[in-house]
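What follows is a set of notes on a single structure, which appears directly below.
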Amino acid sequence: MPFRATVLTLYPEMFPGHLGVSLAGKALERGDWSMEAVQIRDFAGDKHRTVDDTPAGGGAGMVLKPDVLARAIDHVAADDGRPRLLMSPRGRPLTQERVRALAAGPGAVVVCGRFEGVDQRVIDTRGLEEVSIGDYILSGGEPAALVLLDAVVRILPGVMGNQLSGVHESFEGGLLEHPHYTRPQIFEGHEIPAVLTSGNHAAVAQWREATARRLTAERRPDLLERARHPKRDPPQPVKK
């Protein structure tokens, strides 16, 4: 069954956005994956279609109401087994590992936050997994949702023309990607590294590995540290 994305948002016109063009757009037209953008306001219970209210305890901004969002989630998700994701700056960082896990599943329900945030009770009762795309604040969850779905859709079977393109990329092997070069041989006095035009495939692979490790050490030493000390599952209690 194709990957199915359902996005809950106050701005459904923002979707599919850039995912409606290029390889992702062609795959969408072919039915390799599907997207539905659902207006949260449609689940408000008053004539003004109110979706937010003032924060309990005071403070600036407004909070997305739990009853409205819960009705929206229940309507689109029910018990279909798809993970329910809330785009949030306080969520766990999105990683390529999580992206691969999502791509291997049936799809996702993605909730786009707005205002000051979402009432914690709907997060708890509807099992929303908070996901962050970085340590910065956006005006809403829609751009973050597009980033997440872009990362997932591009590695779905049949989306990329060359599946190897998705294998030799940053983060796929725990390293940043090596530099790329193409013709002309000399550009403004700078030549393509000789090893890349030597025809020696083993030497090319070795050069790419070495430069990837150097770049990772310079720019993302945390990735190397993570590879040296992978997370392990906590020990399970012995059953007597």
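Every residue gets a Cβ built from N, Cα and C, even glycine.
The S-adenosyl-L-methionine binding site annotation in Swiss-Prot covers G113, I133, G134, D135, Y136, I137, L138. A coil conformation is recorded for I133 (S-adenosyl-L-methionine binding site) in the three-state DSSP classification, outside any helix or strand.
Positions annotated as region 'Disordered' by Swiss-Prot: 215-240.
Per Swiss-Prot, compositional bias 'Basic and acidic residues' is recorded for 215-227. Sequence-distant contacts of the compositional bias 'Basic and acidic residues' (215-227), counting only residues of its own chain at least 6 positions beyond either end whose CB sits under 8 Å from a CB of the stretch, comprise 171, 174-179.
Counting only same-chain residues at least 6 apart in sequence, those with a Cβ under 8 Å from the Cβ of I133 (S-adenosyl-L-methionine binding site) are M87, P93, L94, A144, V147, L148.
Comparing the binding-site residues I137, L138 on other C-beta atoms within 10 angstroms of each C-beta gives the minimum for I137. Each of the binding-site residues G113, G134 was scored by how many other Cβ atoms lie within 10 Å of its Cβ, and the smallest score goes to G134.
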